[in-house]
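As annotated by TrEMBL, signal peptide applies to 1-16. The domain 'Ig-like' annotation in TrEMBL covers 27-117, 136-212, 230-315, 320-404, 410-497, 502-596. Taken from TrEMBL, the feature domain 'Fibronectin type-III' covers 603-701, 706-803, 808-904. According to TrEMBL, the feature region 'Disordered' maps to 889-912.
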Amino acid sequence: RLFLLNLLFLSSPSLSTPPLFYSPLGPVFEEQPSSVVYPEGLSKGTVTLNCQARASPAATYRWHVNGTNVPVGDLRYTLVAGNLVISGPQYGSDGGSYQCLAMNRCGTVLSRVANLKFGYLHDFSGEGQSPQTVYEGAGAFLACQAPAHYPALSYRWFVNDFPSFVKPDGGRWFVSQVTGNLYLAKAEPNDTASYFCFTTIDMDISTKSTFSKANQLTVQPDANTRKSAPAIKVRFPAETYALAGHTTQLECFAYGNPIPKLRWRKVDGLLPSKAGASAEGPILTLPEMTFHDEGVYECEAYNSEGRDKHQGRINVQAQPEWLQVMSDSEVEISSELHWTCVAAGKPRPSIRWLRNGQPLSTQDRVEVNGGRLKVINLALEDSGMYQCVAENKHDTIYSNAELRVQVQAPDFRSNPVRRLVPAARGGQVMLECRPRAAPKPTLFWSRGTELLTNSSRVTVTPDGILWIHNISRADEGKYTCFAENYLGKANSTGHLSVRDATKITLAPSNADINQEENVTLQCHASHDPTMDLTFTWAHNGALLDLEDPAGPYHRVEGKETIGDLLIVSGQLSQAGTYSCTAQTVVDSASASAKLVVRGPPGPPGGLVVKNVAETSAELRWSRGYDNHSPIGKYVIMGCSPLSSGWRTMRTEPSNIEGNAESARVVGLLPWMDYEFQVIASNILGSGEPSMSSHTVRTQQAAPTVAPSGLGGGGGDRNELIITWTPMAREYQNGDGFGYILAFRKRNTPTWVVERVSNVESSRYVYSNQSLSPYCPFEVKIKAYNRKGEGPFSQIALVHSAEEEPTVAPSRINATALTAFEMQVSWDPVQHLSANGILRGYEIRYWRQHEREAAADRVRTAGLETTARVAGLRPSTRYHVTVLAYNSAGTGPASPKSTVTTRRPPPNRPPGNVFWKTDGSWVTVRWDHVKALGNESAVLGYKVLYKHEGQSALKVLDKGKTSVTLPLPKDNGYVVLEIRSWGEGGDGAAHETIVSRDSGERD
């Protein structure tokens, strides 16, 4: 041994600083080509396919198209760095799949494939489509019949002239982005027009649009437009394949009158919230598809006449995605290489391997098994660039790595043995020996001139690690590792320094607290005085952060040998085992204690719902943690689509004891979805709720309440209209829901019974030519569903449609009040002749030279028999008639009465206004206003005034041309308006402000 050791010492090279050396690097892509759509026929443009790789030495590049070399250097193909530039791309010769090869002396890698395709959009056929005619209220569609194109088109339609594009108009219009067809849910006469299909393609460097010949649509008016239930005309496929991470759209549109509304749902789950507003539109849009979105989707079109539904399935597939890839590896010669690639995708991706751009298969030393590559007895020629390729029908992805097969004599320069290794007495220490070497070297350890071998205190592992156990002061000294392979030898030395051991002198004690209380756990230690001592604490093995001032854990400041822990406002989650560790750089010592935190119970587990009946359900659960305080009782919470949140449910028994593990929830609504939670409590409070149960639906039952809001009336002649408030979801109690109406003429024995099958219906119209106007009917209503019928409502009295009054008012008298107003009076119409409820009277008036059809109209709000009519012209002769009216319209007109309005008042205000103040009074005077020949005589004057700060005007009616008024105190002022008046009304006003400081004083 001593001889061998001397040989190792004599032949091993000394350690020195390693020289700088050049490290080659295989190509790594920084930029790869992307697919391009280039406009067909654009001969002067260029296409650039990018390719850049980081490499040392720098990479060189080649390109393949459809598997063959691209003739770079040709006039049309230029290589700029690694980028391929194609000048004047041509449809016949340049289209295809392009791939870049980057290479240096380390190896070759292939880029992803980029497709160069040519976009085009031909013109529409020169033949227009046949004109279409449709009746008002019906649905219609116009076919686009798009021309040949690539890539996919977007569609719009315009009306008569560009760019008057068709808009949805409340859901009446829809343009399918699948077929391009234009759909109309309900035609109206003003839809008659010429329509043009406008198509657009988007390419990478341009867009192109074209439009069709005119499509003529004529809508025939229909005086008796019929209502119709929805009929879905645009249906999405029964099977739709979507790609994960991409957006999927489903189209659905229906004809109907009234215009149908649309709503979407997922039949086998909840409709994804990301559908947003599209969940109530003709195109359901689902962005960022995931596998959770897979399932059956339903579109429902509905209006007051009925509904229609369509279903289809979305199957989600996915492009390949790496779950595990290989990484660059340096492996010693003659050893084995194991690389694994794992990719996810749907369909499941296939995996193949490349070395320096060439396919790898199982042969000689290479074994390829799907995503696993194994190479045995590695040789230098196995070095190079390797690629793992995963592909399915949606995409192909590449993972790259470089393999370097190493050959090297032992060398400690990059990883020598630690120069100084401290260790604690009585402990153990590990010295590592990890030189660079290929193939793997033989390793020896020595202390001084003694070769070390395994003993009770010394262990030398095959990979060169030296362990020394139960260390004493005698173990201090130099330790040397020797390494040797067939290429050479080397050694490296470190020094072992032995220190005093660290010991816990005061260990933490077990503690028991209530939630929110503080507690201190003690921990003291001794250590080697030449080294620093630090304390750490762990909770159930997880290291605690003691430096966060806002956190619950704090270090108690004190001597270096004290490491007490303060826990503030203890929580249930902080119960457990706390470990204190006192450590130096060479060793550590630990001690533990348990902390019990008492608090409210934890959540119950295993909640299941069983035996679901019409109004009750049985719940079972398992006890949760009592958190060291016995459970006193349980409370059951529930929620349904109709509740705004969780609420306490009624149960049997009403008080659930703490040892119970089941209860029955009562008072539920039939045919309603519910979720439940269970909450336990003890003397310290209520705990967290259990996980929610799965959603359950109670059994169906016959309705138990009658619809409310029963009434009606109005409508057209010979109609009885009955209205009610549609039953809310919580009262329907089952599917197959509808209403049963019963009605009869008052004081007759036989009921007429009608069924209304639409849950959202709120009115029923009964037509019968024999119906008398405003005939009283007794009406009642009840609900029904698949399980039976509910009770009838209270009887309501509803009248059939009214008819216009048949009697005209009499003794009409019209009197001119002023030049602009008249008063009309009449004798009332008897209610028995009104064919309904008389609402009031309509006054019609027109000038003598006008036709009665142009008459102005004023209606009374009630049954008054007089009315004032304003806004008339002065000195004008008017004809006046009065008609009675009800909800059906107006009755016959009364005989005409004639009235002439008075001459107009003077249009000049009083002039020469002046005033004099006398103490607290002021006298105002003005000149008399003289009427002209065509004006009414002045009978007096109106003085409107208010003091400063007042809002209301006071009126004085004076026959004289002066007035005396009180002046306000504190130098206030008076605002005046003076105007003449007479038979023709009030004249123009003179406005002035009077104060103590203005005007003429006595």
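Placed from the backbone N, Cα and C atoms, the Cβ positions cover glycine too.
If one looks beyond the region 'Disordered' (889-912) by at least 6 residues along the same chain, the residues whose Cβ comes under 8 Å of a Cβ in the stretch are 804-810, 812-816, 818-822, 824, 826, 829, 834, 842, 844, 848, 872-883, 926-932, 934-936, 938, 941, 961, 978-990. Mean pLDDT for the domain 'Ig-like' (502-596) in the predicted structure: 94. Just going by CB pairs under 8 A, the stretch in 27-117, 230-315, 410-497 that sits most against the domain 'Fibronectin type-III' (706-803) is 230-315.
For the domain 'Ig-like' (410-497), residue counts in helix, strand and coil come to 3 helix, 46 strand, 39 coil, using DSSP. Under DSSP, the residues of the domain 'Fibronectin type-III' (603-701) split into helix, strand and coil as follows: 0 helix, 45 strand, 54 coil.
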